[in-house]
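Per TrEMBL, the features are:
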| type | residues | note |
| --- | --- | --- |
| TRANSMEM | A:25-44 | transmembrane segment |
| TRANSMEM | A:56-77 | transmembrane segment |
| TRANSMEM | A:83-104 | transmembrane segment |
| TRANSMEM | A:116-139 | transmembrane segment |
| TRANSMEM | A:145-165 | transmembrane segment |
| TRANSMEM | A:186-209 | transmembrane segment |
| TRANSMEM | A:229-251 | transmembrane segment |
| TRANSMEM | A:272-295 | transmembrane segment |
| TRANSMEM | A:328-348 | transmembrane segment |
| TRANSMEM | A:360-384 | transmembrane segment |
| TRANSMEM | A:404-425 | transmembrane segment |
Amino acid sequence: MTATTHQPIDSQNKRGLFQQLELDMRLLGMIGAFIILCIGFNILTDGRFLTPRNIFNLTIQTVSVAIMASGMVFVIVTRHIDLSVGALLATCSAVMAMLQTEILPDMLGMGLNHPLTWIITVAVGLGVGTLIGAFHGWMIGYLTIPAFIVTLGGFLVWRNVAWYLTSGQTKGPLDSTFMMFGGTNGTLGTTFSWVLGLLAAGAALFALYNSRRSKLAHDFPVKPLWAEAVMGAVISGSILGFVWILNSYTIPTRRLQRMFEAKGEVMPEGLVVGYGLPISVLILIAVAVVMTLVARRTRLGRYIFATGGNPDAAELSGINTRKLTVKIFALMGFLCALSAVVASARLANHSNDIGTLDELRVIAAAVIGGTALSGGFGTIYGAILGALIMQSLQSGMAMVGVDAPFQNIVVGSVLVAAVFIDIVYRKRLGAK
Amino acid sequence: MTDPKELRAQGATPLVEMEDISISFGGIKAVDGVSVDLHPGEVVGLLGHNGAGKSTLIKVLSGAYQMDAGEIRINGNKVEITNPRDARSHNIETIYQTLALADNLDAASNLFLGRELVTPMGLVNDAAMEAECRKIMGRLNPNFRKFNVPVSALSGGQRQSVAIARAVYFNAKILIMDEPTAALGPHETQMVAELIQQLKAAGIGIFLIDHDVHAVMELCDRASVMKNGQLVGTVDIDDVTDDDLLSMIILGKKPEKAAA
Ligand SMILES: Nc1ncnc2c1ncn2[C@@H]1O[C@H](COP(=O)(O)OP(=O)(O)OP(=O)(O)O)[C@@H](O)[C@H]1O
Ligand SMILES: [Mg+2]
């Protein structure tokens, strides 16, 4: 009893290749399914699926749902649900559209494309989204109305608030700076993209090194050095490969000519310019990094997962679970507003049906990505990969020429099948 | 540390006084006008049949429930305990009968839940927490090895060790143990008994709920017996036998000779 020796640490022998790499088998399965899907579609479309152009488009189409899916992970992990994200996106988009097309230019007399328009618009939009989300969270946490009901009500309310705000009309064109958040209108260009890619790869390697050093400092087991090197190579390789692909998608000559004409210059003969990383994708990457950091390395994240695992225990441990609920839904609202920026900027206008069915896509992405509806489990990268898989499936089928009704039938079936496979997998692993 | 018995004889202010506590759930009086107190370095046993109201009483002190009527004093000062955070701020730590662990988190995360160690940047420091967890588990349950799995993968006794570690790690002044050895093997139970002696010697006041009358006789200074939400009586362990306690629990009557 008096001895204060440390607990011995399990030795490293007798472990399989995958265990040595400490890879998440679930993640590997998803990546595997995604690769098979991509190769399959590529064969069916005679190589049109895996072109830089299509990958570029797929990426920017995924961003909006993926941003919201990362927030949905926290919502579902704490055993709640949010059925209102698509409608909330519409309301935020409507508010921002009215601001930049009517209120700021006409009523406040700032004129079209004033340099401050986009900042004011985005700030107000994010504020509105966060407030509405916090209001949902307050009703769920403090008034103890089930999240299902609050957000089902919110689904009807916000969809129609958006309608009312714009009188159901399409509002556009949006502010020219604002539209840079959409995708093709706002890309970094190849040089910046390479610089950023190299920085990101460097940061990833540094993070790996740091985590190893901190484990060694506490005498915890570490992976063999070769495994660490393989991981580092794969991660930095993927980052740079992704940049390379997006950089290879070049701006069409016609469009490039018009861009030069707009500046009153003549385009040099044979000029080729790549798009590079879209700003919207950078936003998604930033969201993914920050949300992962929140989930794993902050108290907020720890409390979210603890509450999902056992709400009573969390409360008894002194966690204010009501306030936590407000924070989670406020964050969800913020991310809906961010998605509204990306989605409306991509479409170059606000239309009345923006975000329709997004709640289902977002929930499906989170669930396909391994977020358990029973609470306590889920990852940000899983949800984003889930969103990417859903979008690839949809675009792939469209390219192959599958009829619209069949597309949705397939997507729905895949959702159910994915969850079933997950249940089987968890059972075999002995986890809950 | 002065002997708690002497402290009581001198009429010193108790560490904790719970006076006339009542709480009911939908018309059922789970605790009905119960008063108990606790001195530093003292172990007070709470006894009673299933459903007598023991857990409910101590949950009032730990902030899990709010009492309908009554008063709680700590070192003679009236305190309001409306949630578990209040209780923690008074250095009250609790091992709940249900253990109150987040099953999806590992032992270290549970140990520090609500009080995570953080890096200078404010991020949770998992490595430091795991190191501390290994230290304290080394004292409490040297056979414990499962540091990197969720506690749902632990045995009942291992889970209980984690709950005990959480209560004793943070320098409690007042410790509430609701059947801490219910899931433990004989060796681990013996270690908890030794731990209680150590904590007692360090001047910590302990409320111990236990169905094992022998354990109560061995570890406690006094015992309070409850029946149907009411206090049957509080006795000095030195003045009673096992059979006296048993008859208090079963018959709900205090033996004549042993008034505490
Ligand atoms: N949250 C609750 N809601 C309704 N009734 C409750 C609640 N908690 C306890 N009770 C009731 O209050 C009474 C006392 O329960 P309590 O858990 O305090 O008993 P106990 O003495 O700890 O019993 P045990 O030895 O079985 O643990 C029981 O009748 C129980 O049904
Ligand atoms: Mg009990």
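The backbone N, Cα and C atoms fix where each Cβ goes, glycine too.
Contact between the transmembrane segment (A:56-77) and the transmembrane segment (A:328-348) holds: at least three of their C-beta pairs are under 8 Å, each pair 6 or more apart in sequence. Beyond its flanks by at least six residues, the transmembrane segment (A:360-384) meets 26-27, 30, 62, 65-66, 68-70, 72-74, 76-79, 81-83, 85-86, 284, 288, 291-292, 295, 305, 308-310, 390, 411, 414-415, 418-419, 422, 432 of its own chain at Cβ-Cβ distances under 8 Å. Sequence-distant neighbours of the transmembrane segment (A:116-139) (same chain, 6+ residues past either end, Cβ-Cβ under 8 Å): 82, 84, 88, 91-93, 95-96, 99-100, 104-105, 110, 145, 147, 150-151, 154, 158, 175, 177-178, 325-338, 340-341.
Residues 75, 80-84, 86-88, 90-91, 93-95, 98, 132, 136, 139, 352, 354, 359 of the same chain sit 6 or more residues outside the transmembrane segment (A:145-165) yet have a Cβ under 8 Å from a Cβ within it. At the 8 Å Cβ cutoff, the transmembrane segment (A:186-209) and the transmembrane segment (A:272-295) share at least 3 close pairs (sequence separation 6 or more) and count as touching.
Most Cβ pairs within less than 8 Å of the transmembrane segment (A:272-295), among stretches A:25-44, A:229-251, A:328-348, belong to A:229-251.
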